[in-house]
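Notes for the one structure printed next.
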Amino acid sequence: MSTMTLYVEKNSILHNTAPLTKVLYVMVSIAITYLIPEIAFVLSVAIITLLLLILGKVFRKIVPILGLSIILILSIIIVQGFFHPQNQTILFSIGFVTFYKEGLSYAALLTLRVMNMIMSFGILILTTKHDELVEAMIKKGLSPKIGYVLLSVLQLIPQMRTTMAKITDAQRSRGMETEGSLLVRMKAFFPLIGPVVLNSINITRERAIALEVRGFSSNQKRSFLNISKEYRYQTAIQVILWLTLAAAIVWRILTWLS
Amino acid sequence: MAIIKVENVKYKYPDTDKLVLNDMTFDVEQGEFIGLIGKNTAGKSTLCFALAGLVPHFFKGAYGGKVLVNGLEVRQHEIGEISPHVGLVFENPFSQMTGSKYTVYEEIAFGLENMGIDREIIVNRIEESLELLDITEIKDKNPFDLSGGQMQRVAIASVIALKPSILILDEPTSQLDPQGTEEVFKVIENLTKEGITIIMAEHKIDKMAGYTDRILLIHEGKLIDFDTPAKLFSREDLQDYGIIAPAVTRISQSLGIQNKENGLYPVTLKELSREMGDKR
């Protein structure tokens, strides 16, 4: 059964950290890189995140994801290197293209922020079972309905893809062209998407009924089959994270005042 | 006391003019296995929904009359309050899987979690229903990896785990092969032994004749007859309602084999061979 989860089953310190602590880390590490816009600082945050990924034994999994973001990063470098409003100091020129120092250092800052963001989300997603995460969030007060949506999409989208493949086969067996030039593919789009959408609407209605008769919209406080795992030192880590955030905010206010 | 009381129920879906349920009245006793037959669009599914509270709460529309299940008037209570009393299983096993659970075991827990039942009780209930439905060996599989028959049994198990006193099944075997059908019927027979009242809409007449206590025949939203299989299938006018009597009954009719005591035609092979044995 295919599900769309990126979770990597390993045993590491990160895998043994409470999901909500990791969520907090994601938020704090992103927030402080915006609060303190110093390249050296942002770089060190990114390096800490990177080290954590290595500690979580999931570094190899993040590489392709970072690779995907290369296009974004390249465009940041080019655009900022050329057009940053404070461009003054010429760094180097390739033919008629001139790169400025101010623009490039701003681009470096943005790039590091983006990479840090991707990597810290990577920590969360690659080392946390998402059902455990969602259950932890429901226990903290997230609506069980939203929790259900978050959990079920990951299984239902692959199901929908299977349906799509089935319908494509059915239409093809009735002589419809689905492969070939762009025009052929565009013509094939509607006869394919129509049944898929109608079928999903139907199934969704039925599933809604099935959920309803199993008490989905009852206002009872939920109970949980899975016992939440016990994690140690979580409060300490969370306090440190909150303090870091507070320190960053204080630093920001102080630099404003001076 | 009757566990289900239906009094003059009338219903039509929103934006339609036709009464899908037209003045229905009947009672069901506790522990009975009731078959619900009628041709397509006769109102079987709607009746099932009405007993589970989905009509009128989920589908809205115009509603009149009274449905009492286990002493609760359906109209006055929300589906969440009715669902612990009435379980509903329907045709497509695939769409009854929640999709938010990764094992059969957790899937069955879904309804129990929603109702906020204690963890120890949840575990007990799951074990019980796994056993009752004979699916213990697949409890760690992903629900979507199962065959249709297995999936349907998981769907029944997850409803049974809520311990409803009434179980409603709307064509639960229509997407299953003969073996899957047999599995489901066997399981339901087991459930009747537990004292659960069962109402089952189904097209497989021969199976119904063998298993049910009474059969409810509906046609165009009206209740035509509600009687034992033998009496109901001995009716002359079944064809008018789009129903074909079980093969056994038709053979007996052509051969003129009747039960000597009450003059009804046999509905199962067993009865037929008994009658024939008498002749020899």
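Every residue number used here counts from 1 along the chain in the order it is shown.
Using the three backbone atoms N, Cα and C, a Cβ is placed for every residue, glycine included.
Here TrEMBL flags A:24-55 (among others) as transmembrane segment. Counting residues 6+ beyond its ends, the transmembrane segment (A:24-55) has Cβ neighbours under 8 Å at 12-14, 62, 105, 108-109, 112-113, 115-117, 119-124, 126, 238, 241-242, 244-245, 248-249, 251-252 in the same chain.
What TrEMBL records for A:62-83 (among others) is transmembrane segment. Distant neighbours of the transmembrane segment (A:62-83): 53, 97-100, 103-104, 106-107, 110-111, 114-115, 118-119, 122, 126; these residues of the same chain sit at least 6 beyond its ends, with a Cβ under 8 Å from one of its Cβ atoms.
Per TrEMBL, the feature transmembrane segment maps to A:103-127 (among others).
According to TrEMBL, the transmembrane segment annotation covers A:231-254 (among others).
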Revision key, fill the gap. The answer for the transmembrane segment (A:231-254), taking Cβ pairs under 8 Å and residues 6+ beyond its ends, is 16-18, 20-21, 24-25, 28, 31-32, 35-36
